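Below: the structure, in structure tokens.
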Amino acid sequence: MATEVELKPVSEQSEYVLGMQVDKKTRPQKVPSLCSVRYGMAFLAHLSNFTFIAQNSIISITMVAMVNSTDNQPHLNSSTEGLPTNLNGDQHEALKDLSVKAPVYNWSPQTQGFIFSSVQYGMMLMQGPGGFLAGKLGTKKVVGVALLGSSLLTLFIPLAANLGLAVLLATRAIQGLTQGTGFGGQFALWQRWAPPNERSRLCSIALSGMVLGIFAVLLVGGVISEALGWPFVFYIFGGIGCICCLLWFILVYDDPASHRWISGPEKEYIISSLHQQVSSEDQPLPIKAMLRSLPLWSICLCTMTHQWLVNTFIIYTPTYISSVFKINIRDNGFLSSLPFFVAWVVGILGGQLADFLLSKNFRLVTVRKIITILGNVPPVALIVALPYVQSSYITTIAFLTLSCGLSPLCQSGVYINALDIAPRYASLLLGTSRGLAHSSAVLVPIVGGFFLNQDSEFGWRNLFFVLLAVNQFGLIIYLVFGKADVQEWAKERTLTRL
């Protein structure tokens, strides 16, 4: 699509990028990354993702303490959002102690399923619009408001539960809308802050915050519930979110040109690195070309099928450990959190690996596909093998840890591929692809409940084989149709005015 723009009255050897004049003949000089502002931005995005995912998932852990009878604990069905089942005697006593410290409710497994899923629809619907809004209004405003809203709603959830089920469901639904907006809005940051040769590591640092959030909730959620009562889990993580929101509004800037404290060399390095990726905020969206783009559809599909794998870990890791080894809630929390700690480390290192391969003159599309393969094939192979090694405690935990731990490598592969093929529209496309992928958070427990309710012996095996088929289908489509060069519909064609 040709876009007519008025050329700036500057010399032929320079152009304007993000409001600054840049010499086209000057090659960007790399600025040391240690303590640089752009890595500070990645760390702040890391904190925001940590906050969003922790606030999103804590009710999956606290639900064990929120119901008033173990008879109402969900069995292996579509409402088991990662909760342990088959409680033993020690767990019954623990739940009695918890009921003394905080209110308890008579929610059936079906009601618990509604509570779990109420936040997911907003997450799915708002990530695309969140990316679009961030492109128009700025990441600082969109994500900052979303952080504040999600944190305040997290603080309100204990009171909402006391006011009634309808109030709780409405609170969770609105919270899903704010979190979806925040998740989708963050991607606009990297259109203006991430030099192409550092894009993988910056994005992987930011996205790894989600994995750390899951790790923290699994590790301390049960401990806090036992020690202080389940409402304090919401109070603590809601308070953390308010602090992150304050830091976000103070320290985050939408682009290097507007940042107050960035050094001149770093500002020049980032802006000159992005000289071919001028903002497209005032240009019409090439919607028809986007809908016809096979590389874009392959990214969306592969992201969705990989999220199917990720949501299987999030939802069913505690349940699988509990069903196989019959351990108590606290030990289950520690064991369930271990794979996510490994995943957090690997996710950050994956960005370093991708940029290292690029520095060795690997083609960008080759790097994206290699990293995506490593984040899909070994994890799904290990998870399919779990039912065949469950007689060995050490082997099962090792396989589960490696499988979950390797999956975040895709953060430096298919997840950020839209930044490569359409950097001008990356915030919208990344948000939309993640929103579509979030549909797996709704589908996985439904499919899992179907298999696990029908056959307790072979249910896990069938669930993992379906995961294998879904995951590899998306990966194959991406390997065939995935690209990393800027697509024609994402390029700017300038016409001079005579």
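Keep in mind that glycine also has a Cβ here, set from the backbone N, Cα and C atoms.
Record features (TrEMBL):
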- 41-486: domain 'Major facilitator superfamily (MFS) profile' (DOMAIN)
- 142-161: transmembrane segment (TRANSMEM)
- 202-224: transmembrane segment (TRANSMEM)
- 230-253: transmembrane segment (TRANSMEM)
- 336-358: transmembrane segment (TRANSMEM)
- 370-388: transmembrane segment (TRANSMEM)
- 394-416: transmembrane segment (TRANSMEM)
- 428-451: transmembrane segment (TRANSMEM)
- 463-481: transmembrane segment (TRANSMEM)
**Q.** Predicted model, mean pLDDT over the domain 'Major facilitator superfamily (MFS) profile' (41-486)
**A.** 86
Q) Counting only pairs at least 6 apart in sequence, do the transmembrane segment (394-416) and the transmembrane segment (230-253) share 3+ Cβ pairs under 8 Å? A) no
Q.
Does the structure show the transmembrane segment (336-358) and the transmembrane segment (370-388) touching, where I'm treating 3 or more Cβ pairs under 8 angstroms (sequence separation 6 or more) as a contact?
A. yes
Q) Looking at the transmembrane segment (230-253) and the transmembrane segment (370-388), are there 3+ C-beta pairs under 8 A, with each pair at least 6 apart in sequence? A) no
